[in-house]
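Please read the structure below before turning to the comments.
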Amino acid sequence: MNRKQAFMIAGTQSGCGKTTVAVGVMAAMKSRGFQVQPFKVGPDFIDPGFHTRICGTESRNLDGWMLSRSYNRALFGRLLGEADVAVVEGVMGLYDGYDGLTEAGSSAEMAKWLDIPVVLVVDARSMARSAAALIKGFRDFDPMLSLAGVIFNRIGGEGHLEYLKEAMSTGIPDVPVLGGIPREEIIRIPERHLGLVTVDETPLDRTWRDTLVDLVERNVDLDLVLSRSTCREGFPERFGPEKRRSDPVRPVLIAVPRDAAFCFYYPDNLELLRRAGAELHLFSPVAGETFPKGVGGVYLGGGYPELFAERISECRIFLESLRSGAKSGMPIHAECGGLMTLGRFIDTVDGKRFPMAGLLPFGTRMLSRRKALGYTEVVLREPCLLGEPGTAVRGHEFHYSEITDDGDSSGLRFAYELRARKHQAARSEGYMTGSVLASYVHLHWGSEPSVPEAFVRRCGEYLGRTCV
């Protein structure tokens, strides 16, 4: 059996610097000439954007709660086969996941599913010997997990690193110190609501990359990392349905706005649309663009429309295209920021109001505090763009806005029943009016591949074709 290099970079907790370390290691591997395939554990959209920019290869999400074990392994195995090394960035702390009782959704669970070792990132500020005790606890918490070693982040200097190495050599000698990265403000990726700023807003220029690569090469033993990261190649699981087309000459054209305002899409969702027979037309409302005639539907993803509300509001050709499309019965599916765009208006935190498409009878307003965060399962309660009643799809919510000023909602129906955590009651969601379906939930269609097939079929029917 062939062997390849693959490992996970996980942290002791959120904020320990694992994204910066992961991006730095990816960049250093790339500069050595490796074909690097990046992955991100969890539902996050932002970190994969940095991975993709650095590696030149699209990063994919792995998730132990939204997606099955076989799906994750099939995706990982297929893309590992096309690369030299796979680097998986973890989520939150190593053992953090869906709840406090199980490992579901955690980085640890994913590392075991994929049979890859973990490089643990530890924020070593204000710690010396105590770091060894912390790492010993992480190692012993799950003996089935393979710990390749530890990278200390934000160390105070060589003397500090020596203290840490001494503590490790006596307290937990079987776990190697793979490196110690000093505190460097210049490489820090800034944050804001919804996490880090997006890759489109952060200047990952050559100087930044070169600085990061130099820092990693000087302070991390990458050869040792690779020597402890051999992974088997050739997973038996198969990824997704066979690619098919509704019409061998003319695939179903689906419009997907994709720019700094609409940037939250799972690549798998787009791939599954293509496999179901769609051709995607990407365009930028922020740049004043809209979709062409001949489109069978619109998939309007999330992102940061509130930051570009004025420009979206001024892109009348885009908003009018949505209105005329909805009037003609064109399928339009919107998630989170897409829902905000289909509403009557967006109210920003500084009190400004910007008119939107008005396809939904309500507006949305931004809040200074988070409104919702967490995994959720959607069960379709009536036929809609995404399938038949009883279909269950998993996803997550993460937003700082809320619905306001309902207006006349007499024609609005709920397509979803949302089932969140066990201590929370199910609630109605999935706002449906005519051919429009909008929700705050970011769905991962890999949890139920019939969903993209249903959406493409509806788009094909709108165009007067039948998807087989």
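Quick reminder: no glycine exception, Cβ is built from N, Cα and C everywhere.
Unlike curated entries, TrEMBL annotations are predicted automatically.
The Cβ of Cys336 (active site, nucleophile) lies under 8 Å from the Cβ of Phe264, Gly301, Gly302, Gly303, Glu397, Phe398, His399, Ser439, Tyr440, Val441, His442, each on the same chain and at least six residues away in sequence. If you look up TrEMBL, you'll see Cys336 marked as active site, nucleophile.
Residues or ranges marked as domain 'CobQ/CobB/MinD/ParA nucleotide binding' by TrEMBL: 7-194. Per-residue confidence over the domain 'CobQ/CobB/MinD/ParA nucleotide binding' (7-194) averages 94 (mean pLDDT, predicted model).
Feature annotation from TrEMBL assigns domain 'CobB/CobQ-like glutamine amidotransferase' to 254-448.
Of all Cβ atoms in the shown protein chains, 24 besides its own fall within 10 Å of the Cβ of His442 (site 'Increases nucleophilicity of active site Cys'). Following the DSSP three-state reduction, the secondary structure of His442 (site 'Increases nucleophilicity of active site Cys') is strand. Under the heading site 'Increases nucleophilicity of active site Cys', TrEMBL lists His442.
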